[in-house]
Each structure stands twice: as structure tokens, then as C-alpha cells.
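J.: Let me begin by handing over the structure; questions about it come next.
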Amino acid sequence: MEEIQSQSDNYRSSSSSASSPASRVPSSNFFYLRKPGSIRQPISFEDSPEWDDTTDIDVRVDDGGDSINVATTPASPSLSKLNSGSLPSPHLPEGAVIPRKIAGASVAWKDLTVTIKGKRKYSDKVIKNSTGYALPGTLTVIMGPAKSGKSTLLRAIAGRLLPSARMYGEVFVNGAKSQMPYGSYGYVDRETALIGSLTVREFLYYSALLQLPGFFCQKKSVVEDAIHAMSLGDHANKLIGGHCYMKGLPSGERRLVSIARELVMRPRILFIDEPLYHLDSVSALLMMVTLRRLASTGCTLIVTIYQSSTEVFGLFDRICLLSNGNTLFFGETLACLQHFSNAGFPCPIMQSPSDHFLRAINTDFDRIIAMCKNWQDDNGDFSSVNMDTAVAIRTLEATYKSSADAASVETMILKLTEKEGPALKSKGKASNAIRVAVLTWRSLLVVSREWKYYWLHLILYMLLTLCIGTVFSGLGHSLSSVVTRVAAIFVFVSFCSLLSIAKVPALMKEIKIYACEESNEHSSTFVFLLAQLLSSIPFLFLISITSSLVFYFLVGLVDQFSLLMYFVLNFFMTLLLNEGIMLVVATLWQDVFWSVLTLLCLHVVMMLSAGYFRIRSALPGPVWMYPMSYMAFHTYSIQGLLENEYLGTSFAVGQVRSISGFQALQSVYNISPDINSKWKNLLILFLMAIGYRILVFILLFLLVGRKISLLKCFKCNHRDTIDTS
């Protein structure tokens with residue numbers, strides 16, 4: 001403590017001397033890298049308006065109602081004083097300052113500690129004894145440098161921690177220690193998957209159909225309300241991802257769309273992780289003004305932010321400042337400035353408060369100072385910097401624990417938890433049948449618009465089969481053409497299967513969208529896979545028909561309708577099976593590059609063991625014969641097509657003798673003499689396609705669905721756990 005006090009006093013003395021009129025040399029202004037000779041006079045907190053800590057917030061729970069009334073002053077004190085001239089910020093809408101009955105919910109967390117094994121270098125505690133609250137109609141911000149525990153704290157409050165994390169402490173919703181039911185809250189991750197080929201209105205409408213029960217017509221008003229709440233009216237009919245002649249939505253509007261998706265449920269509490277992620281200053285201000293307006297309607301908003309401009313900072317009601325999992329401050333925004341001033345770190349003039357906070361508590365700045373000291377020693381800019389960030393963090397933490405702000409937080413939490421309010425009610429869900437129908441129709445609409453992954457894919461199939469057909473055209477039906485015809489069928493099946501790998505990015509997008517919807521309970525593994533199967537069948541059948549017709553007649557296979565239909569059905573089943581393999585690999589890797597590389601290797605191995613380069617019966621027993629030749633779908637597809645072409649036919653040998661098609665193929669490819677063997681091969685392809693889909697179901701359930709299930713159990717089992725240490 002003596003070290004903290006000495007360094008803090010040293011910083012106070014240097015700060016006060018720098019701000020005095022007699023000395024304008026900014027010796028202690030380590031906040032900026034300035035050009036030599038530049039002069040900037042810092043401002044102490046005494047130059048700012050006096051902070052009045054007498055604001056009384058009366059939280060009253062109606063016994064007979066389902067809402068909480070929050071009586072406050074007409075405007076947030078921090079906002080009014082920020083707008084007084086000290087820290088300019090944009091004015092709020094008029095509706096935000098009128099006391100009103102709201103349908104939000106109060107959230108309070110007390111002594112919240114989260115441990116994740118191996119997450120921290122020196123400690124498993126990611127969050128350490130955090131305490132705070134959020135009231136209806138307010139915007140509460142969790143701020144801190146990278147890896148300070150912002151997202152973990154947000155997830156802990158929302159009850160969405162991963163199963164590997166363990167939570168201690170208490171979380172209260174309307175004064176009761178209970179989990180938040182479905183539909184009562186919304187959670188927006190930092191990165192959410194959107195469907196670029198849908199318009200904003202279509203995307204939100206399909207989301208409403210997936211989330212809400214009832215008739216289709218009732219969802220339109222909900223969607224329009226969400227569009228209006230997020231100020232997306234000018235973009236409602238624009239494609240999210242754009243198309244070849246039009247750009248997609250900017251990142252700011254995309255972020256608003258992801259938030260609007262959660263507003264469809266009309267949640268009482270909304271958690272948003274990094275709403276300003278990858279946004280410029282204008283988009284960030286628009287985002288926060290929109291969220292501020294949303295909070296004024298009564299919703300309880302809790303968001304995480306890395307840093308913000310002065311204008312954005314003025315829109316916050318309360319701030320929770322974290323560093324390495326420690327709570328350095330919780331309270332009103334302007335009170336945070338007072339806290340830093342009391343600790344000896346006043347915010348300089350012309351500097352954003354959030355920049356000042358992060359400069360003081362972000363240990364990464366120590367490395368920058370160390371690198372720049374020798375570089376600018378001659379100019380004197382860094383020679384007087386003697387404040388260690390670790391010391392500043394300990395000073396701020398110790399100052400906060402002994403401050404009136406911490407005591408007022410404890411008092412407010414006691415007031416919020418002394419009496420249980422109305423419990424949040426769970427909202428109904430759409431049935432699985434409705435969800436399957438909605439996802440299938442949405443996927444078909446996406447297929448019709450995604451020209452890169454689907455229609456271009458169809459054109460490439462046509463060009464490939466046209467090339468193969470012209471190379472192997474005019475073969476005739478003589479005995480000498482058997483070897484070349486087998487080669488043509490092998491090339492057709494193998495190359496078309498390889499070409500289907502180009503669909504991996506589209507499948508990866510579908511999996512990401514499913515994971516996002518599954519995390520918010522908008523879908524399930526079975527619903528997703530069934531809808532994906534139903535929506536892919538028409539497109540795969542279209543490819544099968546067009547490609548088979550081009551190849552069949554160019555090569556000159558047996559001109560018989562029943563044989564042509566079998567050819568189409570066999571090729572369709574091959575494509576369906578191959579898509580199942582792609583789904584398995586994409587689910588395992590969750591990465592386009594490694595998925596494509598793995599699929600290429602698998603296809604090469606299956607082509608080598610399919611029995612064309614060397615007859616299947618002559619393959620080496622270990623590995624190639626067993627199990628690879630039996631696992632390769634090429635084997636059954638090519639066998640079925642050859643049996644379809646040659647069984648029941650004969651070839652003349654000389655003028656007297658003739659041999660059957662089976663005998664003609666014996667030295668080229670192994671097939672069965674049974675006339676029904678081609679249907680057995682088709683059945684094997686069908687069973688393999690079903691088997692791969694079941695494997696995808698298991699993988700998705702283990703990798704995504706099981707996490708959600710364990711998360712629900714985690715909320716039930718650990719919400720009431722108290723840290724006894």
C-alpha cells in the first residue's frame with residue numbers, strides 16, 4: 001500500500017503542477033504521443049461541474065402488475081451534466097426523459113466470480129467478486145480493455161456461460177434468484193451470422209416465424225416494430241449482402257439487423273456483446289443513439305464496449321469498469337470521472353473519458369511507454385512518466401472499495417432484492433413442423449438468389465458434363481468400346497463429385513446460421529438437418545437431370561427411358577450422399593480451407609479404391625480392399641451405372657459366338673451378374689446418404705446442441721452457487 005500511495009501521490013503532484021498556470025509543460029501527460037514542442041494543458045476534475053451524489057432512485061414493484069416502476073429525475077444526472085458544456089454529447093429523444101410505466105426488469109449481480117481453467121496465465125478467475133445492477137429503461141455498459149472479462153461477465157449475468165466455466169455468486173432478476181425463461185431476454189453475440197441474400201424485412205420476418213407461435217399475419221406488426229426500433233426503415237427492402245450490382249448493408253446496419261432479430265421477441269432484458277465492434281465513429285454514434293432510444297422505451301439494456309467517443313460516453317447511464325476481472329468502478333458515468341480524479345488520475349481536457357480510462361488500466365500501454373522512452377528521451381516527452389499501470393489498477397480498485405459509490409451500489413442491490421417482483425414469463429415457441437417449413441422455404445429462397453454457390457454451380461456442372469460428353473462421344477456399342485465407356489462413366493462420377501466441393505462455403509454459412517439460431521433457441525439440430533435436406537433435394541435433382549441428359553446422349557448410352565431414369569436416380573443419390581460427406585467434414589473443421597483440403601484428399605483416396613485403376617478384387621487386402629473400397633461411394637455408383645448399361649446385353653464375337661455384357665466387363669470392372677444388383681447398389685447409396693446425415697446430426701448435437709443443453713443445465717445448477725472461499 002505504501003508503494004501505491006507513493007506512486008499515486010507522485011502522479012497527483014505532477015498532474016497538479018502541469019495544470020497550474022505557471023507551468024504549461026505537459027510533463028505528466030503520458031496519454032498522448034505528441035510531436036516535439038506541442039503544448040497541451042490538462043484539466044483537473046475541479047474544472048468540471050460539481051458531482052451531486054444525491055440522486056435518489058426509487059424502485060417500486062407493483063403487487064398486482066407485471067412491471068417495475070422506476071422513478072427518476074427527468075433526465076439522467078450524468079447526461080444533464082455532460083450536456084452542460086463539460087463533455088458534449090448528443091441530445092436524447094424527448095421520450096427518453098419522461099417518467100413512464102415500463103415493462104423491463106431489474107437485474108442485479110452480487111459477488112459474481114467466474115473461473116475458467118487455463119483461461120488466465122496466473123489465475124483461473126476471469127471475473128472476481130463483481131457487483132452491480134441494471135434498471136429498466138437504462139443503458140448499463142461494461143467497459144474495459146481486451147481480455148478484461150467483459151464478455152464473460154455479460155454471459156454470466158445472462159446465464160450463457162460455457163460448460164467449462166464455473167460461476168459463484170448470485171444473480172437476481174426482479175429480486176428473485178431465477179433463470180430468465182425463453183423470450184424474456186435477448187442476447188446478441190459479438191459476431192452473428194446473417195443471410196446476405198435476404199432483405200432486412202424478409203430476414204426478420206423469417207426470424208419471427210421461427211421464434212413466435214401463432215398465425216403468419218400476426219408476425220408482420222412485430223417485424224415492423226423491430227425495424228422501426230432499430231431505425232432500419234430506409235434499409236428494410238435492401239438485401240443484407242447485396243448482389244452483383246448493389247452493395248450490401250454497411251457494418252453498422254448489419255449490427256442493427258442482428259439486434260432487431262432479438263427484438264422480435266420483445267424481450268424485457270437485452271444483452272449485447274460489443275455493439276460497436278468494427279464500427280467507425282459515425283456508425284458507433286448512430287448505434288448508441290438507437291440503443292439509447294430503445295432503452296427509453298423501457299427495455300433493460302446491458303452491453304459491453306471496449307472504448308467510445310465522448311459523444312457516445314454521454315449516452316451511458318451506468319458504467320462497470322473492468323481490468324483483469326477486477327471491478328474498478330460501478331456507478332453513474334460522470335461519477336466514474338470523479339472516481340478517477342479522487343484516485344489521482346483526472347481526465348485531461350480534449351480527451352475522451354473512455355480513452356482516459358483505458359490508458360490508465362490497460363497494461364499494454366506499459367510496453368508502448370517502454371519502447372518510446374529511449375526513442376523520445378531527447379524531447380523529454382516520456383522522461384517524466386513514472387506511473388505503472390498495475391499500480392494504477394490497484395489504486396483505483398482500493399479507492400473504489402472504500403468509496404461511497406461502492407456503498408451506494410450495495411444499498412441499491414439490497415433495495416432491489418429485499419422483495420421479489422413479478423416473475424418473468426416464458427413465451428410460446430413455434431412448433432417444430434412450422435420451423436421445418438419456414439427453414440425449408442427460406443433455404444429455397446436463398447438457393448434461388450445465391451448465384452455464386454448454386455446457379456454458377458449448375459452452369460459449371462453443365463460445362464463439365466459437356467466437356468466429358470464431347471471427349472467420349474461417338475463410342476458406338478461394339479465390344480471394343482467397353483473399356484472407353486467404363487472410363488467415361490468413371491470420369492463423370494468422379495469429376496462431378498469433385499466439383500460439388502465448391503459448395504462447401506455455402507454449407508459452412510448454413511452451419512454458422514444454425515449455430516447462431518440454436519444458441520438463441522430459435523432452431524434445433526433435427527429441424528435444421530431436415531429442412532436442409534428438403535431444401536437441397538430440388539437443386540440436386542435439377543443438377544442430376546441436366547447433367548445426366550447431356551452426358552447420356554453425348555456418350556450414346558443405351559437409348560431406353562427406364563435406363564435413363566435409373567441413371568438420373570443413381571447420380572442424384574451420389575450427389576446427395578456426397579453432400580452428407582461435405583456436411584460431416586464442414587461440421588468437424590468449421591473452416592473452409594481445411595474442409596476443402598480434407599474433402600479433396602478423401603475423394604482422391606476413394607477414386608483410387610473404386611476399382612477403376614485396378615480391379616477391386618485385385619486391390620491389396622489391408623486398407624485399400626478393406627475398408628476403403630467398401631467406404632468409397634464411387635464403387636457402388638459406378639457399379640450400378642455399369643450394371644444398368646451392360647446387364648442384359650450381348651456382344652457378337654465373330655459370326656457365330658457372342659458374349660454377355662457381364663463377361664465383357666469381367667476384365668475391366670467387377671460387377672455382379674444378378675439383374676437386380678443395380679438396385680442393391682442404389683439401396684447402398686441411399687443407406688450411406690442416410691448414415692452420413694445421422695453422423696452429421698450426432699456431430700452437430702455434440703459440438704453445438706450439447707453446449708446449449710449443458711448451458712441450460714448450467715443455469716439451473718449454478719445460479720444459486722455462492723463462493724465460500
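First residue shown is number 1, and so on along the chain.
Cβ atoms are placed via backbone N, Cα and C, with glycine included.
Automated prediction, rather than curation, is the source of TrEMBL annotations.
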J.: Choose the correct range: of 64-88, 114-138, which one does TrEMBL annotate as region 'Disordered'? Give that range.
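T.: From TrEMBL, the annotated region 'Disordered' range turns out to be 64-88.
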J.: Mind checking which residues of the chain, 6+ beyond the ends of the transmembrane segment (453-475), have their Cβ under 8 Å from one of its Cβ atoms?
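T.: Non-local partners: 447, 481, 484-485, 487-488, 491-492, 495-496, 499-500, 502-503, 505-506, 539, 542-543, 546-547, 550-551, 553-556.
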J.: Using a Cβ distance cut-off of under 8 Å, indicate which of 487-506, 567-586, 682-705 has the most pairs with the transmembrane segment (592-611).
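T.: Against the transmembrane segment (592-611), the leading stretch is 487-506.
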J.: Mind checking which residues reach the transmembrane segment (487-506)? Cβ under 8 Å, same chain, six or more beyond either end.
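T.: Non-local partners: 450, 453-454, 457, 460-461, 464-465, 468, 471-472, 475, 547, 551, 555, 571, 574-575, 578-579, 582, 585-586, 592, 595-596, 599-600, 603, 607, 610, 612, 633-634, 637-638, 641-642, 645.
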J.: Is the transmembrane segment (526-555) packed against any residues at least 6 beyond its ends, judged by a Cβ distance under 8 Å, and which are they?
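T.: Residues packing against the transmembrane segment (526-555) from afar: 432, 435-436, 438-440, 443-444, 447, 454, 457-458, 461-462, 464-466, 468-470, 472-473, 475, 485, 488, 492, 496, 510, 514, 517-518, 564, 567-569, 571-572, 575-576, 579, 583, 693, 696-697, 700.
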